[in-house]
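A.B. asks: Here it is: the structure, laid out below.
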Amino acid sequence: MTEHESLGLEQNQDGGDTYRHHNLSDGCISSVEDANEQPSSYEEESDDDMQYYERAIQEISSGDSYVCMICTVEMDYTCQMFACKRCYRVFDYGCIREWALKSTEKTVDRIWKCPNCYYVSKRVPVKNRPTCWCGKVVNPDPNPLDPNSCGQTCNASTCMHGCSKICHLGPHPECTRMVEIMCHCGKHSKSIFCYQSKVMKKNFNCQEVCGLPLSCSIHTCKKKCHPGLCGPCPEMIISKDSPKKQIKCYCGNHTRANIKCSETKFPKSGKSSKDENGNRWIGVFACADNRVVDYSCRKHSFIESCISPPTINGEKACPFLPSSLKTCPCGRTALEELTKPRKHCDDPIPTCDSRCGKPLKCGKHSCPFTCHDKACMEPCLQIDSVKCACEQSTFSVPCGFQGRPRCNIKCESLMSCRRHRCTDRCCSGRPSAIRRKKNLFRTQDLLDESLVEAKHICLKPCNLTLSCGIHKCQRKCHPGKCPPCLESDSNDLVCPCGNTVVPAPVRCGTKLPTCNHPCIKVVRGESTCGHKPMPHTCHSLDVSCPPCTETVFKPCKCGKKTKVRTVCFQTDVSCGIKCGIPLSYCYHTCQKTCHLPGNCQKVCKQTCGQKRLNCNHECPKPCHGKTECPDLPCATLVKIYCKCGRIKKSVTCGAKSDRVSVTESSVLDCNEECEALKRLKELKEAFGIKEETNNFTSNELDALKKLVSVATTFEELQLPFTEAALSVYSKQERWCSQIEAILNKLMDDKTRSSLHFKPMRPPQRHFIRELAKAYGLYSESQDREPMRSVFIKKEDNGASNKPVLSLAEAYPLYESFKQLQKERKAQEFQARTTAKLINFEVQDTEPKVEVAKKNGFLVQNLVAGNTAEDLRRFFEPHLKHTLVVNPQYLILDDGKTALVYPENYETASVNTERDMELLVGHFDFMAKEAFLADSISLCSTEEELERRLDTPVIQEDSPVMDNNT
């Protein structure tokens with residue numbers, strides 16, 4: 001036995017780290033190695049025959065070889081220890097307690113298992129209460145000779161004597177004390193070892209006849225020495241040939257030749273039986289016949305079973321005699337009141353008109369018939385209100401109805417598995433299910449099948465796939481998760497390269513750990529394409545090796561290029577060139593990129609583009625094959641000019657089969673400006689002055705200046721720019737001029753149709769979009785903050801043009817307009833102002849002003865936590881426009897009342913009081929809405945200060961804050 005047997009493990013002979021589990025359940029170790037690896041000589045095998053638990057004590061005593069399975073730390077005699085009750089594996093006390101606590105928290109049954117043998121236990125080791133092996137001493141002293149032993153006698157109650165070994169680890173030894181046992185019949189005894197008594201006591205048989213008296217007290221037991229009671233007497237009682245000696249029943253009508261002793265029953269009354277002739281006998285059994293016995297009147301009779309003693313004919317008085325029967329059958333009325341007195345027993349018995357009322361056999365009702373002399377109602381047909389089995393409906397049924405009525409309501413209660421529902425109709429378990437649903441709230445109780453009524457225990461097979469993904473759960477349908485798969489394989493689980501091994505037994509669902517060694521195909525240099533395989537780690541066989549990424553040349557799909565650089569595994573090689581093959585059904589070519597021959601596009605999605613017959617414009621309709629273009633008016637925008645070319649206008653072409661283009665048929669008329677421009681041009685040519693590129697004439701500028709003087713709104717100025725753009729230009733002239741130059745450059749570039757600005761702040765983006773309106777450009781903001789930017793694009797209809805004025809030219813006009821607007825408003829305000837001059841005499845004495853009676857605000861039930869600063873923020877915005885000069889804010893000592901009053905509250909006038917009266921209701925409503933105080937009212941500041949403060953003088957350290965703080 002090796003050093004690792006104390007752990008329940010066996011180490012490989014080469015000193016590796018692979019261990020195999022040993023079976024410790026029967027106290028011995030069975031190795032899973034082959035028999036050839038066992039020691040061949042007796043000396044090697046008996047070198048150390050010490051048990052594994054004794055070896056564990058020796059290793060713990062040395063302190064350098066016994067390892068705790070949980071923390072993997074070497075244990076010595078100073079450690080606090082805990083041993084499994086089944087396998088006696090020793091663990092560190094703190095480790096096993098933490099193991100048990102975590103396990104019980106995760107299981108419904110609050111159990112934990114030994115890490116070595118999986119022994120199930122519910123008792124968690126108590127904190128800081130480790131004991132010795134026998135459990136007598138808590139926190140035993142360190143013992144280097146016998147670790148964790150208290151040195152006292154074990155005295156475990158394995159037998160009547162107790163274990164005599166010193167406190168020890170492992171199973172208790174067999175008790176060798178001598179005890180005396182008796183045989184089953186108690187006649188003989190013998191002495192044996194105590195440990196043999198449990199088996200020998202059951203098997204000790206003297207083989208002699210028992211001889212104990214039986215229950216009849218006549219015969220004795222003839223069985224051989226046996227355990228338990230002797231049983232009923234098996235002896236047979238045989239009658240003699242004489243008729244007087246035959247065995248009779250109680251009534252004497254039947255006899256037997258023999259009978260078992262145990263079947264005889266003497267009458268409890270102790271009286272002998274007697275017939276009409278005076279013959280007597282003792283009956284010992286009851287026959288199955290019934291006798292008809294006559295009453296003393298010999299007119300009536302009754303039926304009697306076999307009893308002891310039997311009734312003799314004619315001896316029993318007739319119950320129908322007039323002397324015996326005094327009332328009607330129901331017993332409510334005397335016969336004397338109903339009819340003449342009866343003289344004989346066979347005279348009819350009169351009945352009354354009362355209800356019978358005798359209790360019926362059902363025990364719940366009484367007979368409903370009128371007084372009668374025959375049997376009462378049987379079965380009982382009176383109607384009862386009875387609930388059905390599920391207690392959801394009530395039915396009216398006869399009392400004698402066999403079985404409970406049933407409704408047609410489906411149960412639909414959850415079964416014990418909490419997956420299926422009960423499909424029975426009128427289920428008797430539904431009331432219990434409803435009560436269970438109301439009472440159970442914890443998940444632990446909901447999963448407890450013992451709390452579910454028997455009717456709703458699901459007996460279907462679970463049949464769910466286990467965690468291994470292969471096998472099915474064999475349990476009946478159950479709540480919660482299925483148990484782990486317990487199937488295992490006796491073969492080692494080996495990776496393809498053979499370097500990573502999971503030794504047998506391999507539990508079902510176990511996956512190979514990641515193998516960091518190279519793949520076997522990389523080692524061998526195998527690949528399907530012939531290139532060197534890509535370096536990669538070992539993987540399972542169901543995962544293919546990574547594709548080859550060696551650079552190669554392959555022909556493309558369309559065949560235009562025979563050498564396209566690509567990787568080896570790529571089969572779909574494309575040159576990226578458009579096909580360009582003319583399509584058979586239209587005038588266009590295939591626009592698909594490199595594709596296989598014959599896979600050209602089936603539907604052409606291009607614009608027709610053919611030249612129209614009546615103008616040079618292209619057909620804008622979608623491709624319509626080789627059919628003629630539709631004869632519709634051309635919708636292309638064209639420009640028509642006057643003769644001198646100054647005036648232009650954008651119109652649709654309108655060319656058609658019966659109509660020429662508008663450019664050929666329409667010419668705009670020149671106006672006076674055209675003539676003036678023509679003369680100006682001739683003068684400039686005569687004087688040698690070069691032509692300036694300014695589209696605005698001096699007359700138009702003069703007209704704009706005149707318009708500024710008469711315009712009343714910005715729209716009447718007819719400037720190309722918006723007011724927002726000109727306002728920004730007035731503040732950021734340089735930056736706005738740069739943006740204007742960028743847009744002018746875009747308009748001059750005929751090859752470019754759009755522009756994307758870099759990300760900017762919102763005000764800058766807004767200016768660009770406002771400026772784009774003057775150019776007739778489409779604009780939009782794109783992306784999210786903070787990368788949001790502006791995108792502008794020329795309109796397709798030719799509406800995008802440079803404005804006739806620049807920002808620099810338009811801004812002076814806008815500035816003049818703003819100045820004129822200010823002057824007009826000042827004049828209008830002065831015109832609406834009326835001055836009234838009144839002459840009055842100046843008095844030498846100053847007028848008397850009435851002093852206010854209420855000169856402050858009283859804040860009551862101030863919410864805790866508010867300060868004078870909070871009061872100032874609440875009142876100041878509303879008081880600064882009133883006559884309340886420099887308001888003061890004072891919170892009184894109780895903390896629930898505050899005063900707000902003007903600094904000159906002693907001389908405040910009634911005008912100040914009027915202002916405060918106008919605001920007090922407003923303050924009261926706002927204080928309640930803001931949860932500042934319960935109410936605000938007017939008060940006399942002098943009276944409140946005198947009544948609430950110790951002195952009327954405001955102290956310097958009081959919480960007062962003026963309006964200028």
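Backbone N, Cα and C define each Cβ position, glycine as well.
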A.B. asks: Going by Swiss-Prot alone, which of S242, S958 is annotated as phosphoserine?
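C.D. replies: Swiss-Prot records phosphoserine at S958.
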A.B. asks: Which one, 68-118, 362-382, 586-606, has the most C-beta pairs under 8 Å toward the zinc finger (159-177)?
C.D. replies: 68-118
A.B. asks: Six or more residues beyond either end and a Cβ under 8 Å away: which residues meet both conditions relative to the zinc finger (586-606)?
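C.D. replies: 556-560, 574-580, 622-626.
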A.B. asks: Can you check how the pLDDT averages out over the zinc finger (216-235)?
C.D. replies: 89
